[in-house]
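Over in Swiss-Prot, the protein carries these features:
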BINDING   Gly171, Asp172, Arg173, Lys174, Thr175, Gly176, Lys177, Thr178  ATP binding site
SITE      Ser373  site 'Required for activity'
Amino acid sequence: MSGVSSGEVLKILRERIENFGGPVKAGSVGEVLSVKDGIAVVYGLHGAGFGETVAFASGVRGVISGLESDIASVVIFGEDREVKEGDSVECTGELMKVPVGFSLLGRVVSPLGMPLDGEGAISGCDGENPVEVKAPGIMARQPVSEPLQTGIKTIDMLIPIGRGQRELIIGDRKTGKTAIALDTIINQKRYNDRAASEKDKVYCIYVAIGQKNSSIARVVSKLCEAGAADYTIVVATGASDSVPLQYLAPYAACAMGEFFRDNGMHCLIVYDDLSKHAVAYRQMSLLLRRPPGREAYPGDVFYIHSRLLERAAKLSDALGGGSLTALPIIETQAGDVSAYIPTNVISITDGQIFLESELFHKGFRPAINVGLSVSRVGSAAQVKAVKKVAGSMKLSLAQYRELEDFARFGSDLDASSQAMLEKGRRMIELLKQGQYSPLSVEEQVAVMLAGSDSCIDAIPVGDMCRFERGLLEKLRIDHGDLMACLLEDDVRSKLLEVIRGFAVSF
């Protein structure tokens with residue numbers, strides 16, 4: 001066998017090297033040292049950045065949430081049992097992104113954009129948005145000027161919400177917080193059905209953070225029944241999902257909502273609820289060995305909510321005039337709104353709707369305490385017809401609450417005070433409203449106009465709900481034309497004639 005000379009070997013190697021045309025990929029690769037409770041400790045990710053997405057050998061993704069000289073702490077978004085000690089980890093060079101677009105409407109997805117409803121893969125997305133982005137600046141915004149109708153009389157009349165506002169829904173468990181958010185989503189159907197273009201519609205996102213799977217299923221079922229699923233995205237994380245996924249959920253959903261906002265459309269997002277989100281972040285921070293502060297929350301727990309809620313905005317006309325309205329939900333313990341997380345979120349938002357368990361158990365639903373609830377910017381978005389009625393309502397209810405305190409102690413009241421007390425009781429009855437029965441603005445104005453008029457003084461307090469149902473039925477059947485022009489034209493006197501006529505015949 002003849003030997004091969006070294007010159008020939010060098011020649012062959014030189015030819016191979018010169019003809020090599022394959023792509024060369026340079027990257028930072030590390031090795032998993034340990035995995036525990038959704039946190040992986042990785043060695044060797046040189047040049048990696050804080051918040052950068054990494055890919056494990058199993059395909060699971062994670063985000064770098066802690067950096068030391070040679071060690072990185074990675075939060076795993078998925079099942080940590082799929083990540084093993086010794087697995088390779090590769091930096092992607094990108095921040096966390098989620099799919100966005102119209103194809104997500106009507107679907108139930110995870111915070112990573114994966115379908116959870118069993119209806120197959122999601123195709124035709126309009127791209128991807130980063131989960132963490134800077135909130136719009138001062139010059140990128142404009143004042144809230146358009147109303148967002150909830151269909152709930154107490155809110156639309158007394159605590160109005162505008163497009164681009166952040167309105168907190170706060171109260172004890174089982175007081176109807178989610179019910180208010182769902183009614184608001186369902187009420188958008190009447191406006192979306194008659195919208196002239198896509199830019200006139202209000203798209204909705206419901207974010208379930210650490211909720212029971214049965215509760216999420218009930219919400220999805222109700223949205224489908226009401227025909228609201230077509231314009232709604234449900235981003236779901238159950239109580240059994242990993243803590244990092246629960247933490248990621250509101251940011252991912254906000255990125256999906258920003259697609260509509262940045263394209264000149266309107267979006268409503270419900271965070272249900274941020275109390276569980278704060279607990280998930282506390283758990284994650286303790287696992288990352290960050291120093292605990294008050295109630296064992298880390299020092300930046302305020303910042304995680306402020307940077308999320310500041311992304312809700314009404315953009316300037318130069319940027320398309322789109323809006324993202326946020327309805328965060330906070331659960332209190334025994335009505336204590338002075339606790340750490342509630343006070344944080346109250347200070348970030350533009351107002352709060354406060355629900356009381358005492359009112360709920362008395363049968364006043366929605367159980368909104370009008371005295372403690374406030375909307376700091378929404379009144380600028382109210383239409384004229386609503387403002388006229390709402391102004392007198394606020395005064396009547398304030399006088400009623402003051403007189404009620406006197407009456408409770410058995411104080412003698414004169415005839416005018418007694419009449420005011422009776423009027424307040426009737427007004428309170430008219431503010432009651434069943435769940436999943438939102439009213440149009442015209443219907444709300446008609447009911448509240450009746451409540452402020454003396455024509456109802458002869459009707460017993462217990463019959464006010466029946467009176468309201470009868471009045472609305474009559475207006476829908478016999479006076480549809482009057483209702484249609486109620487907001488544009490001054491037809492208040494004509495409407496009062498109809499109301500007084502019905503009150504006499506009731």
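Note that Cβ sites are derived from N, Cα and C of the backbone, with glycine treated the same way.
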Between Lys177 (ATP binding site) and Ser373 (site 'Required for activity'), how many Å separate their Cα atoms?
13
Cβ atoms near Gly171 (ATP binding site) (within 10 Å, other residues, all chains):
27
Taking the centroid of the Cβ atoms of Gly171, Asp172, Arg173, Lys174, Thr175, Gly176, Lys177, Thr178 (ATP site), which other same-chain residues have Cβ within 8 Å of it?
Glu331, Leu355, Ser357, Phe360, Ala367
Can you give me the Cα-Cα distance between Thr178 (ATP binding site) and Ser373 (site 'Required for activity') in Å, rounded to a whole number?
17
Nearest of the binding-site residues (Gly171, Asp172, Arg173, Gly176) to Ser373 (site 'Required for activity') - Cα to Cα:
Gly171
What does DSSP assign Gly171 (ATP binding site), in three states?
strand
If you run the three-state DSSP split on Ser373 (site 'Required for activity'), which class comes out?
coil
Please report the number of other Cβ atoms within 10 Å of the Cβ of Thr178 (ATP binding site).
21
Can you tell me whether DSSP puts Gly176 (ATP binding site) in helix, strand or coil?
coil
Could you list the residues of the same chain, at least six apart in sequence, whose Cβ is under 8 A from the Cβ of Lys174 (ATP binding site)?
Ser357, Phe360
